[in-house]
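Here the structure comes first, spelled out in structure tokens, and everything after it is commentary.
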Amino acid sequence: MSFRCFSFALFLLLLTFISHVSASYIPNKKSFKSRSFKNQFLIPQNIARAAVGLRPLVWDDKLTHYAQWYANQRRNDCALEHSNGPYGENIFWGSGVGWNPAQAVSAWVDEKQFYNYWHNSCVDGEMCGHYTQVVWGSTTKVGCASVVCSDDKGTFMTCNYDPPGNYYGERPY
């Protein structure tokens with residue numbers, strides 16, 4: 001099978017995965033480390049990486065704990081602010097409580113349409129940095145977390161990446 005066919009097949013697999021994930025899945029403290037929760041973050045990111053010929057990310061508990069710590073910091077305000085920590089980071093906010101990890105990853109990966117590889121830049125007026133972090137070639141580990149914010153302010157999710165990516169002037173892969 002050619003690389004293009006393989007990439008297209010992986011893309012279809014990602015769409016199938018996302019369409020079958022329940023929109024009502026909200027992890028509690030006990031389940032934030034569950035295999036299903038991890039896989040909802042990990043599998044679609046690894047499909048996006050495979051589509052551009054990269055090795056899969058490995059789930060990392062240290063990054064997961066950092067992500068959970070930071071998500072807990074955002075619980076009261078649900079603000080889309082980065083932690084400014086030592087890792088690469090993607091953040092997501094959705095109104096209400098019906099959001100799942102695969103939807104957050106889908107929002108990040110959907111930015112691919114705004115990334116111009118040849119110019120190594122985003123289309124004017126669009127974001128693509130979440131996508132480029134997902135597919136950053138030297139990144140090997142990821143850990144993610146989610147919280148439902150206070151006073152019905154929404155759902156906040158974050159993934160942290162090590163080594164970090166998105167270095168100015170460098171292509172992701």
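From the backbone N, Cα and C atoms, a Cβ is placed for every residue, glycine too.
Features as listed in Swiss-Prot:
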SIGNAL    1-23  signal peptide
DOMAIN    45-161  domain 'SCP'
DISULFID  CYS78-CYS149  disulfide bond
DISULFID  CYS122-CYS128  disulfide bond
DISULFID  CYS144-CYS159  disulfide bond
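When the disulfide-bonded residues CYS122, CYS144, CYS149, CYS159 are compared by the number of other CB atoms within 10 angstroms of each CB, CYS122 has the fewest. Within 10 Å of the C-beta atom of CYS128 (disulfide bond) sit 20 other C-beta atoms, taking all shown protein chains into account.
For CYS128 (disulfide bond), none of the disulfide-bonded residues have C-alpha atoms inside a 10 Å radius of its own C-alpha, out of CYS78, CYS144, CYS149, CYS159. In this structure the C-alpha atoms belonging to CYS149 (disulfide bond) and CYS159 (disulfide bond) are separated by 17 Å. Other Cβ atoms within 10 Å of the Cβ of CYS78 (disulfide bond) number 21 in total over all chains. Counting residues per DSSP class in helix, strand and coil order gives 44 helix, 28 strand, 45 coil for the domain 'SCP' (45-161).
Here the domain 'SCP' (45-161) has a mean pLDDT of 98 out of 100. On a Cα basis, CYS122 (disulfide bond) lies 26 Å away from CYS78 (disulfide bond).
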